[in-house]
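Heads up: the structure comes next, in structure tokens.
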Amino acid sequence: MPNTPHTMNLYIKNIAQLVTCQGTEAKHGREAMGQIHTIEGPAAVVIRDGIITFAGRMADVAPSMTEGCRELDATGRCVLPGFVDSHTHLVFGGYREDEFQWRLAGDSYMSIMERGGGIASTMRATRAESEDELKASAHRHLSNMMKMGVTTVEAKSGYGMNLETELKQLRVVRDLQDEQPLDLYSTFMGAHDTAPEYKGRPTEFIEYLCREVLPEVVRQNLAECCDIFTEKGVFDHEQTRRMLTAAKEAGLSVKMHADEIVPFGGAELAAELGCLSADHLLRISDAGIKALAESNTVATLLPCTAFSLRADYAPARKMIDAGCAVALGSDLNPGSCFSASVPLMFALATLYMGMTVEEAITALTINGAAAIGRADTIGSIEPGKKGDLVVLQYPSYKFLSYHFGMNLVEHTVKGGRVVYTNS
């Protein structure tokens with residue numbers, strides 16, 4: 001369907017079940033995350049100029065409200081907010097299929113990095129590829145994500161670790177925003193690892209990023225957020241504090257890769273620094289859980305990465321019961337998780353991480369939006385929010401966990417436009 005103005009006006013009628021996930025901030029804990037605010041049908045949603053103007057019972061829709069709208073009949077269908085993938089490494093060069101086989105043979109993620117694989121391997125490929133090559137690859141991934149109901153994607157740099165390539169990655173994200181339907185949230189992550197030019201000198205590398213790369217990222221308006229890999233043997237607390245403080249002073253939001261490999265106090269530091277989110281958290285401590293539960297920092301969990309690494313999953317049930325706000329992200333990247341599968345995220349979260357399907361929906365909608373600071377505009381179906389929705393092939397949201405491993409999306413709606421239909 002062409003992206004003409006009238007296509008941003010949409011009337012979705014005869015909805016069997018409408019899941020609104022209403023709210024404008026992260027939902028913390030079992031009770032809040034379990035409340036997804038369903039309306040049993042017949043229900044309806046009206047979108048005008050890309051913004052939701054009505055969401056409720058179809059009987060309450062006046063004819064004047066839908067004048068000039070395209071109609072979409074959702075008889076026998078469940079409608080939910082568009083999914084928000086709040087953690088991806090979308091733009092990268094090359095693949096690492098051989099490393100996956102090494103992992104299957106028993107090599108650890110850290111041992112592969114020590115052999116010159118891991119992030120360093122992708123860094124070399126990303127430095128070598130052109131912007132057009134990187135853009136074409138990222139565009140394919142976005143198209144696949146759109147088919148699974150994703151309407152907003154966080155996209156990190158971090159495979160350059162020098163000025164030229166970090167800017168190149170972020171320009172690709174900027175350009176893709178205008179060349180495909182999904183909304184992108186750009187994150188500068190030069191501190192993904194220490195660049196080979198600074199091997200053994202991580203503090204000097206952080207200073208290079210703060211003094212030479214970050215100012216140029218900000219000057220060119222290429223990022224909204226800054227991320228860092230806080231981990232034993234990568235970047236310590238003081239290096240993290242230096243990087244993220246500089247980013248905040250430059251006007252960026254901040255987030256962290258935290259407590260992925262070993263308990264390292266990353267969650268506590270993320271809460272202290274006011275991060276939008278602390279991500280991974282496979283090895284979070286009880287003190288870290290308490291710190292996140294008492295803060296506004298979202299705990300973004302990445303089940304597909306744990307699955308790919310054959311690692312223990314993050315303690316989602318324990319975190320939610322303690323009062324944390326949990327989001328789910330794919331962690332799409334060419335190494336530890338070459339997948340952006342929403343069906344796999346739902347299956348792992350509910351079958352192996354102890355989350356209810358309602359909590360998983362919250363984690364992929366309003367809490368995912370909060371993890372990128374956009375819960376005021378996306379993540380729920382209510383007047384004033386963007387018209388981002390998913391129409392399932394089934395009448396109930398419960399099929400998202402029940403019919404596992406399958407893409408159940410019939411339509412993806414972005415800003416009032418039907419951008420994908422499963423034909």
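Note that Cβ sites are derived from N, Cα and C of the backbone, with glycine treated the same way.
Database features, via Swiss-Prot:
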BINDING   H87, H89, H257, D331  Fe(3+) binding site
BINDING   H87, H89, H257, D331  Zn(2+) binding site
BINDING   R96, Y159, H192, E260, S336  4-imidazolone-5-propanoate binding site
BINDING   Y159, N333, G335  N-formimidoyl-L-glutamate binding site
Can you see whether DSSP assigns H87 (Fe(3+) binding site) to helix, strand or coil?
coil
Of the binding-site residues listed as H192, E260, N333, the one whose CA lies nearest the CA of H89 (Fe(3+) binding site):
N333
Those residues of the chain, 6+ apart, with a Cβ under 8 Å from that of R96 (4-imidazolone-5-propanoate binding site):
G117, G118, S121, T122, P334, G335, F338
Excluding H87, H89, H257, D331, please set out which residues of the same chain place their CB within 8 Å of the center of the CB atoms of the Fe(3+) site, keeping sequence order.
T88, K156, D279, H280, L302, T305, G329, L332, N333, C337
Candidates H87, H257, D331, N333 (binding-site residues) with Cα within 10 Å of H192 (4-imidazolone-5-propanoate binding site):
H257
How big is the N-formimidoyl-L-glutamate site in terms of the longest C-alpha to C-alpha distance among Y159, N333, G335, in angstrom?
12
Where the distance is taken from Cα to Cα, which of the binding-site residues Y159, E260, N333 turns out closest to H87 (Fe(3+) binding site)?
N333
Between S336 (4-imidazolone-5-propanoate binding site) and H257 (Fe(3+) binding site), what is the CA-CA distance rounded to a whole number of Å?
14
Count, for each of the binding-site residues H87, D331, N333, the other C-beta atoms lying within 10 angstroms of its own C-beta, and report the residue with the smallest count.
N333
Just give me the nearest neighbour of Y159 (4-imidazolone-5-propanoate binding site) among the binding-site residues H257, D331, N333, Cα to Cα.
N333
According to DSSP, does Y159 (4-imidazolone-5-propanoate binding site) fall in a helix, a strand, or coil?
coil
Between the Cα atoms of D331 (Fe(3+) binding site) and E260 (4-imidazolone-5-propanoate binding site), find the distance and write it as a whole number of Å.
12
Can you tell me how spread out the 4-imidazolone-5-propanoate site is, meaning the largest CA to CA distance among R96, Y159, H192, E260, S336, in Å?
20
